[in-house]
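Here the structure is laid out as C-alpha coordinates; the discussion comes afterwards.
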Amino acid sequence: DEPLKTDLVSPPVCGNYFVEVGEDCDCGSPATCRDSCCDAATCKLRQGAQCREGLCCDQCRFKGAGTECRAATDECDMADLCTGRSAECTDRFQRNGQPCQNNNG
(Lines of atoms letter the chains of each structure in order from A and count residues from 1; the text may use other names and numbers.)
(Lines give C-alpha, C1' and ligand atoms only; values in the text may rest on other atoms or scores of the structure.)
Protein backbone atom coordinates (compact mmCIF):
# COMPACT_ATOMS: atom_id res chain seq x y z
CA ASP A 1 0.00 0.00 0.00
CA GLU A 2 1.18 3.50 -0.80
CA PRO A 3 0.95 6.06 1.99
CA LEU A 4 -1.53 8.86 1.59
CA LYS A 5 -0.07 12.26 0.74
CA THR A 6 -1.39 13.52 4.07
CA ASP A 7 0.29 10.68 6.02
CA LEU A 8 3.78 11.99 5.29
CA VAL A 9 4.83 14.44 7.99
CA SER A 10 8.10 15.77 6.56
CA PRO A 11 8.17 18.50 3.89
CA PRO A 12 7.72 17.26 0.30
CA VAL A 13 10.94 16.03 -1.31
CA CYS A 14 11.06 15.65 -5.08
CA GLY A 15 12.88 12.45 -6.00
CA ASN A 16 11.90 10.18 -3.10
CA TYR A 17 9.40 8.08 -5.12
CA PHE A 18 6.43 9.32 -3.03
CA VAL A 19 3.90 11.65 -4.65
CA GLU A 20 3.43 14.30 -1.99
CA VAL A 21 1.36 17.47 -1.73
CA GLY A 22 2.29 19.78 -4.60
CA GLU A 23 3.69 16.99 -6.80
CA ASP A 24 2.02 15.45 -9.86
CA CYS A 25 4.45 12.54 -9.92
CA ASP A 26 7.70 11.37 -8.33
CA CYS A 27 9.80 8.93 -10.32
CA GLY A 28 13.02 9.33 -8.37
CA SER A 29 16.06 11.33 -9.37
CA PRO A 30 16.66 12.62 -12.91
CA ALA A 31 19.33 9.92 -13.27
CA THR A 32 17.00 7.05 -12.32
CA CYS A 33 13.59 8.22 -13.59
CA ARG A 34 12.18 6.12 -16.43
CA ASP A 35 8.74 7.75 -16.54
CA SER A 36 8.36 9.63 -19.83
CA CYS A 37 5.37 11.59 -18.47
CA CYS A 38 7.11 12.92 -15.34
CA ASP A 39 9.76 15.63 -15.09
CA ALA A 40 12.01 14.21 -12.37
CA ALA A 41 13.57 17.61 -11.64
CA THR A 42 10.24 19.23 -10.74
CA CYS A 43 7.97 16.25 -9.95
CA LYS A 44 5.41 17.75 -12.31
CA LEU A 45 3.98 16.28 -15.50
CA ARG A 46 6.10 17.08 -18.54
CA GLN A 47 4.84 19.83 -20.85
CA GLY A 48 1.97 18.45 -22.93
CA ALA A 49 1.38 15.46 -20.63
CA GLN A 50 -2.13 15.11 -19.20
CA CYS A 51 -1.59 11.99 -17.10
CA ARG A 52 0.95 9.31 -16.30
CA GLU A 53 -1.13 6.31 -15.23
CA GLY A 54 -4.68 5.06 -15.19
CA LEU A 55 -6.89 2.93 -17.40
CA CYS A 56 -7.76 6.01 -19.47
CA CYS A 57 -4.16 7.22 -19.87
CA ASP A 58 -2.07 6.23 -22.88
CA GLN A 59 1.37 7.66 -23.56
CA CYS A 60 0.79 10.60 -21.20
CA ARG A 61 -2.52 11.59 -22.83
CA PHE A 62 -6.14 10.95 -21.91
CA LYS A 63 -7.79 8.30 -24.06
CA GLY A 64 -10.65 9.61 -26.15
CA ALA A 65 -14.18 9.96 -24.83
CA GLY A 66 -16.11 6.73 -25.30
CA THR A 67 -13.03 4.47 -25.29
CA GLU A 68 -13.90 1.29 -23.38
CA CYS A 69 -11.63 0.94 -20.37
CA ARG A 70 -13.30 -2.02 -18.65
CA ALA A 71 -15.71 -4.59 -20.07
CA ALA A 72 -19.06 -5.34 -18.45
CA THR A 73 -18.82 -8.21 -15.97
CA ASP A 74 -22.47 -9.28 -16.14
CA GLU A 75 -25.88 -8.07 -17.30
CA CYS A 76 -26.23 -5.71 -14.31
CA ASP A 77 -22.94 -4.06 -15.19
CA MET A 78 -22.16 -1.85 -18.17
CA ALA A 79 -18.90 -1.41 -20.04
CA ASP A 80 -16.96 1.45 -18.47
CA LEU A 81 -15.89 4.27 -20.78
CA CYS A 82 -13.23 6.96 -20.67
CA THR A 83 -14.50 10.54 -20.51
CA GLY A 84 -11.62 12.07 -22.47
CA ARG A 85 -11.04 14.45 -19.54
CA SER A 86 -9.55 12.10 -16.93
CA ALA A 87 -7.20 9.12 -16.59
CA GLU A 88 -9.74 7.40 -14.32
CA CYS A 89 -12.10 4.70 -15.57
CA THR A 90 -15.44 5.45 -13.95
CA ASP A 91 -17.68 2.55 -12.91
CA ARG A 92 -21.00 2.44 -14.73
CA PHE A 93 -23.86 0.10 -13.91
CA GLN A 94 -27.55 -0.36 -14.67
CA ARG A 95 -29.70 2.21 -12.93
CA ASN A 96 -31.46 1.21 -9.73
CA GLY A 97 -34.71 -0.58 -10.48
CA GLN A 98 -33.48 -1.94 -13.82
CA PRO A 99 -34.23 -5.69 -13.84
CA CYS A 100 -31.18 -7.90 -14.34
CA GLN A 101 -29.91 -11.32 -13.23
CA ASN A 102 -33.45 -12.73 -13.30
CA ASN A 103 -34.64 -9.87 -11.07
CA ASN A 104 -32.00 -10.75 -8.44
CA GLY A 105 -29.50 -8.00 -9.38
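Each position is counted from 1, following the chain as shown.
Heads up, the Cβ atoms here are built off N, Cα and C, so glycines get one too.
Here is what Swiss-Prot records for this protein:
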type: DISULFID; residues: CYS25-CYS43; note: disulfide bond
type: DISULFID; residues: CYS27-CYS38; note: disulfide bond
type: DISULFID; residues: CYS37-CYS60; note: disulfide bond
type: DISULFID; residues: CYS51-CYS57; note: disulfide bond
type: DISULFID; residues: CYS56-CYS82; note: disulfide bond
type: DISULFID; residues: CYS69-CYS89; note: disulfide bond
type: DOMAIN; residues: 11-96; note: domain 'Disintegrin'
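Annotated features, which come from Swiss-Prot, shown on the structure.
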residue : record         : DSSP class
CYS25   : disulfide bond : coil
CYS37   : disulfide bond : coil
CYS51   : disulfide bond : coil
CYS56   : disulfide bond : coil
CYS69   : disulfide bond : strand
CYS82   : disulfide bond : coil
CYS89   : disulfide bond : coil
CYS69 (disulfide bond): which of the disulfide-bonded residues CYS25, CYS51, CYS57, CYS82 is the nearest Cα neighbour?
CYS82
Candidates CYS25, CYS27, CYS43, CYS82, CYS89 (disulfide-bonded residues) with Cα within 10 Å of CYS60 (disulfide bond):
none
Select the closest residue to CYS25 (disulfide bond) from the following disulfide-bonded residues, measuring between CA atoms: CYS38, CYS57, CYS82, CYS89.
CYS38
Using a 10 Å radius around its CB, how many other CB atoms surround CYS56 (disulfide bond)?
26
Work through the disulfide-bonded residues one by one (CYS37, CYS43, CYS56, CYS89) and name whichever has its CA nearest to the CA of CYS27 (disulfide bond).
CYS43
Far apart in sequence but close in space: which same-chain residues, 6 or more away, have a Cβ under 8 Å from CYS38 (disulfide bond)?
ASP24, CYS25, ASP26, CYS27, LYS44, LEU45, ARG46, ALA49, ARG52
In terms of Cα spacing, which of the disulfide-bonded residues CYS37, CYS43, CYS89 are within 10 angstroms of CYS56 (disulfide bond)?
CYS89
